[in-house]
Amino acid sequence: ACGGGQVGQTPGGSAGPAPGNKNLVLVPGVQNEPFYISMQCGAQQEAAKLGYKLDTQAPQKFDASLQTPIVNALGANKPAALLIAPTDDVAMATPMTTLKNMGVKIIEVDTALQDKSVAQSSISSNNAEGGKLAADTLAGLLKGQKGSVLVLDTIAGTSTTNARAKGFTDELAKYPNLKSVGVQFTQNEPDQAASKVTAALSSTPDLVGVFATNLNTGEGAATGLHNAGKIGKVKLVGFDASPSEVDGLKSGDFQALIAQDPAGIGKQGVDQAVAAVEGKPVQRTIDAPLVAITKDDMDSKSQYFYKSSC
Amino acid sequence: MTAEEEVVNGGAIEKPTLGARLLGANTFWIGLVLIALCVVFGVLEPTAFLTLFTVQTLLIETAVLLVLSVGMTFVIITGGIDLSVGSVLIFSGMVSAKAMEWVSGGSSTNAGWGVILFGLVVAIVAGTAWGILNGLLIAAAKIPPLIVTLGTLGAALGAASLLNNGSDIRTLPSTMRTTIGYGTSFGYVPNLVIVAVVLTLIGAWLLHTTVFGRHTFAVGSNAEAARRSGIGVTRHLTSIYTLTGALAGVAGFMSLAYFGSTTISAHSTDNLNAIAAVVMGGTSLFGGVGTVLGTVIGVFIPAVLKKGFNIIHVQDFWQMIAVGAVLIAAVWFDQQRRRSRNR
Amino acid sequence: MTAEEEVVNGGAIEKPTLGARLLGANTFWIGLVLIALCVVFGVLEPTAFLTLFTVQTLLIETAVLLVLSVGMTFVIITGGIDLSVGSVLIFSGMVSAKAMEWVSGGSSTNAGWGVILFGLVVAIVAGTAWGILNGLLIAAAKIPPLIVTLGTLGAALGAASLLNNGSDIRTLPSTMRTTIGYGTSFGYVPNLVIVAVVLTLIGAWLLHTTVFGRHTFAVGSNAEAARRSGIGVTRHLTSIYTLTGALAGVAGFMSLAYFGSTTISAHSTDNLNAIAAVVMGGTSLFGGVGTVLGTVIGVFIPAVLKKGFNIIHVQDFWQMIAVGAVLIAAVWFDQQRRRSRNR
Amino acid sequence: MPVLEAHELVKHYGSVEALRGADFTVNAGEVVALIGDNGAGKSTLVKCLSGVEQPDSGQILFEGAPIRLESPVAARRLGIETVYQDLAVAPELDPAANLFLGREVRRSGLLGKLGMLDKAEMRRRATAEFARLGVTLQRIDVPIGSLSGGQRQSVAVARSVVWASKVVFMDEPTAALGVVQRERVLDVIRRVRDEGMAVVLISHNMPEVLAVADRVEVLRLGRRVARFTAAEATLADLVGAMTGALTQEETR
Amino acid sequence: MPVLEAHELVKHYGSVEALRGADFTVNAGEVVALIGDNGAGKSTLVKCLSGVEQPDSGQILFEGAPIRLESPVAARRLGIETVYQDLAVAPELDPAANLFLGREVRRSGLLGKLGMLDKAEMRRRATAEFARLGVTLQRIDVPIGSLSGGQRQSVAVARSVVWASKVVFMDEPTAALGVVQRERVLDVIRRVRDEGMAVVLISHNMPEVLAVADRVEVLRLGRRVARFTAAEATLADLVGAMTGALTQEETR
Ligand SMILES: Nc1ncnc2c1ncn2[C@@H]1O[C@H](COP(=O)(O)OP(=O)(O)OP(=O)(O)O)[C@@H](O)[C@H]1O
Ligand SMILES: Nc1ncnc2c1ncn2[C@@H]1O[C@H](COP(=O)(O)OP(=O)(O)OP(=O)(O)O)[C@@H](O)[C@H]1O
Ligand SMILES: [Mg+2]
Ligand SMILES: [Mg+2]
């Protein structure tokens, strides 16, 4: 095309962030989630310690079309580094690359792009591993009991929870006593999760376990089990350790939770970002730990509980 | 019988028979669709579908939406629309939960009925407040309902998030969950369902037998005529959105009791679901016609369908396609029958 | 001048002046709101807001919604509604991506312009197909548009998910991303924006100067009168939903080029955003009035607002509240001015 | 004494001038015909005098005292009822509901206090009213939108005379009526007049005007241009005044 | 030879019987008045004969051959035009747009082939047509919904006579018209008749009917009950036939 170019290629060269810029921005996957709030808390603490300022801007939904404008807007007020949980491992590459070309350092937290050349560092827990851990934990809870297991996923196309569900299903195949009745999508709505659980109870009387891949599905599943009076009889394994899930674990709604370490991810993200900004060496990938928490060991693992505010 | 006899005394021949009225009722054919769905699933999975448990959970799961849809029926009959119900529901739940925490001085887990009732009142007041705001903007400032409620949809959700810094409250009186949320009365009937049924009956009574209901139809049928007839259209519209807000407040409390959580990130499709239920029940988006009974049927058709599909294990993606197809087919069938009746 | 002079020759006095027409134009006041917003943000953050980059990304980000909204304008002017645009967009993108993979025999990452053009055609065809389905169900089977498009909303999404088993396709021709997705022409203008502008201009031309557009207004103003005037209402409505479907198909391809992914889980609010843009632009949900220019303004008001808020770092929850409030205020201002003009 | 008077009413719609300083007077116990060409401003004048529209300037006097009619309710409270040219009925409601719109009959007792309608009573009274006007309806429970043009108009006429106590405006009430129904309406107009109310009749049917009116006021291009006593006026006078061939009042 | 004939038309709306076996005949080059009480079925008959409604049973003959009028388009193709009682105009469009609705004038050349409207030409021709009918409009670019009742009706009348070639149905075309406009419309009716077209006039104004019609057909309770030659009929005959005091045709 005539004069073909690319967006963000300001003719005459782009001015990167001003030297000495001490602003960091965190763009989590979605607002209102304790997971990301805890990450923000960890990151803020670390940033303050290192003499940086950290802003957080979250999309309303876990949706690339909502996260893109937020990232693009940063091009106007360039921060020194961006910590981001990309909501789509390809779609977010464009805006992130644009920022990177403007001289902003990119650190991925929680999720990562397929294109490994964009970010300087990625800190994440392996979601498939988390799914596996959930399957093992559930099998342990059931102690050889025979029966069916239901997996509740959020929305088709959500990479993180899809990976958890897949890891779970793959691992479950190793337990001959447990049979998967398949993955069901809930559109991330608790009421649909509740409805799927009660329907499964109607049609699959030997249901012994449910794996819910995030907070909303977990809450919905617990509600469904409550309705059916099956709390505790059907083992419910949730993902993440938000305050509400921890309460649920305490009260017996959940039998186990697979917790990540969001605060740790946030802290390490800031460390890497600062290192990148200051021209120090960075570590390309960091694996964050995952733990299974049950009612019995919950007191000893309270450092993994997520926070709903800093 | 000659033509003469029929029209002698200035009009008004006697009423048609009950059978004819039933066949003529706007809700008859769509009601048949609902019954047909139940029969089909009953035959396909008699042991799983036609059980007390399935019926109980089906009713409980639709209770909240039913309450929202009753309010929506009034709004749509006036020719308006309310997209904000889901957000107002969340906001009310959030305020209510906060208030209960506050009067219990911290966690309200062990609070008694006094606190719970207080929470209910707070929820209703919160919902009503948004309803009044919607109503005034629509009726007095004459801004299109779609814009107003789209605005308050975002604003109520933002405000709810602000209140607890974006996270859910899950420490609620446990009595509330066990009695209202999933308790039953008369042996089998879930309490949440009783609440929804009572509200629906009141709604139907209000709409179909009172002056308030009559004016609702009049405003929707021809607002200018209503105004010239001395109906306070502004005031009436305001009270209708207020009513809807109040019902959303109750629904927020019910949702709180049901989920035991404020579920901020949920309920985003409640508005469209409620509107769909109302329209499926034969209420026109252009206003002036509609019934609460139709809305009830409209709420249950998708609910039964999804429940049935989940029970007979239809894959999710197929389910989405099938639910879409059945919605359309049900309304098509209804239209078809009604049209032939008018031939 | 006496009254006599004015009305002598059977009516038709000469046209008002340009200034009067501008002031009288339905889009004038709401356009002022848009300009005011830009000015405010420009003053608050001159170095960040009024930059080439901000303008470029603002335009790019709204390009897809703009294309959807142009189609939606036609639909709403007929008194209809189309909730399915977002899903049809995703479906078209998915089919297009699949088709490009298929003709490239596996991954299409290195495919050339032939394959890309083929993908575009497939996307348009896929969107058109859903549009025809919507149109026939609405116009021929006479099912309310809300129900039909709510049904196809679910069905199209389900079908898109089925095609690739619920996961996104992310291997797309890289040429497509670099040129169409975020390439620019004439130095600064993003190609995606050029596509959107051209489609919008064609839409405006079609609506405001052709027989097709005239009939669109007539159908929305009084469908029965249109029918009696010999306008093929069924056919016209069908073509309008088909047009909207085709535009959603193009939008699907644009989204594909932009995101480089089929983004199944995204676009869930596109339908409401498009409807809001159209209504904000002065088009009545009851049909018969509306302009494409109004829609363009209606698309940009929330876009500018969100962009500005993101740049000046307003917190998320406050942002939701503020966007809601500004939407309502903008339309209120517009109404106010228009009403006083009619006094 | 005039029960209702208008002075110098002006009403614009955008750049269209519907009223350009119109005067109008009607006394209790008389039938005044308001006539004029199409677009002369008759309906606009009626709307201003029944609170539906607010004039841009000018004065309205009710029983000698200046008033403002902010809404139709204000006019109705003064005992002013109107049959609008566009009828202003709710097409989806049945004739009885339209007749009682805004003045529904409630049940007796507590249920009535709660707002419950007495539908049977309203239907009964509606049937009686319609019979009085010679309206023939095959069924009374159909929406008014599906009635014939004349039937619909009869409902609107019935509504106004049932409730008025001071002034009845009738904007072309007989335009769609059959011969019999038209006579009935003229009878009703006379009866209402004899009860001491003022009736303002708008009509394009000059024989009808001369038959029923006591006085005639003529509107032209938004102004009153002539007044007649019906007994003394001829058809030619009226037509002359309407078309501008004859003008009594000075053009300001 | 009759240009249009109806035999035994029956039309139900739910349980309401609008037509109960109605017959009707109109010849080329004549004005037939179709009269009857309110609710007699006149408008319904017109709707059946102009393709808007489908009769439940009965036969329609056009120039002797049985036809089915599935849609208004079918009727228009045969040269049948109609002024509907409810006018059937698009209230948001302006008078010129309404006049040319469904028959828009396109620009010449390629742009016209692409469907572009020639708005100036349509406005010009509309202004001329309105002047011919004596319609006075202050502005021609306002939506028709804001016009006065008579102005709106004039637009509908203008539309029908511009396009007709065989039959024009006019359902109470003069009901809302002023004295001058009414005369103009009656003139137009005569002119159209003289051009060899058939005109069917529905009116409740008997003097008008007797003045302009060649023949009169009377509908009562959905059936034709009498036919007259206008020159021989008296007002009493017509009223008698409409009210049922006089019946010529046997009741089946
Ligand atoms: N709402 C409106 N908007 C714009 N113009 C209007 C409106 N209402 C009336 N007009 C214009 O005002 C003038 C007077 O209208 P009005 O309806 O009062 O006439 P009228 O005397 O009642 O005529 P008719 O005998 O035809 O009913 C007309 O030119 C009409 O076009
Ligand atoms: N769409 C409809 N639905 C139900 N009933 C209808 C409908 N249209 C007409 N009717 C009924 O059919 C009968 C005949 O109506 P129609 O309009 O043909 O009468 P008309 O002779 O034109 O009367 P008018 O002189 O008052 O215009 C009336 O009783 C009317 O109520
Ligand atoms: Mg008038
Ligand atoms: Mg008629």
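First residue shown is number 1, and so on along the chain.
Including glycine, each Cβ sits where the backbone N, Cα and C put it.
Per TrEMBL, transmembrane segment is recorded for B:22-44 (among others).
Outside the transmembrane segment (B:64-91) by six or more residues, the chain places 126-127, 130-131, 134, 138, 145-146, 149-150, 152-157, 159-160, 192, 195-196, 199-200, 203, 207, 216-217, 219-220, 223, 236-237, 240-241, 243-252, 254-255, 258, 262-264, 266-271, 273-275, 277-279, 281, 283-292, 295-296, 298-299, 303 with a CB less than 8 A from a CB of the stretch. TrEMBL lists B:64-91 (among others) with the feature transmembrane segment.
What TrEMBL records for B:111-133 (among others) is transmembrane segment. A Cβ distance under 8 Å defines the sequence-distant neighbours of the transmembrane segment (B:111-133), meaning residues of its chain 6+ beyond its ends; these are 84, 88-89, 91-93, 95-97, 99-100, 103-104, 152, 156, 173, 175-176, 180, 238, 241-253, 256.
Sequence annotations record features per position, and here TrEMBL assigns transmembrane segment to B:145-164 (among others).
As annotated by TrEMBL, transmembrane segment applies to B:185-207 (among others).
Marked as transmembrane segment by TrEMBL: B:240-260 (among others).
Among the features that TrEMBL reports, transmembrane segment is placed at B:272-305 (among others).
Outside the transmembrane segment (B:317-333) by six or more residues, the chain places 29-30, 33, 37, 276, 279-280, 301-302, 305-306, 309-310 with a CB less than 8 A from a CB of the stretch. Among the features that TrEMBL reports, transmembrane segment is placed at B:317-333 (among others).
Counting residues 6+ beyond its ends, the transmembrane segment (B:185-207) has Cβ neighbours under 8 Å at 52, 56, 59-60, 62-64, 66-67, 70-71, 73-74, 77, 179, 213, 216, 247, 250, 254, 257-258, 290-293, 296 in the same chain. Relative to the transmembrane segment (B:22-44), the listed stretch B:272-305 leads the set B:145-164, B:240-260, B:272-305 in CB pairs under 8 A. Proximity of distant same-chain residues to the transmembrane segment (B:240-260), defined by a Cβ-Cβ separation under 8 Å and at least 6 residues beyond the stretch ends, is recorded for 60, 63-64, 67-68, 70-72, 74-75, 78, 80, 82, 84-85, 88-94, 96-97, 119-120, 123-132, 134-135, 138-139, 170, 172, 176-177, 180-182, 192, 195-196, 199, 203, 216, 266-267.
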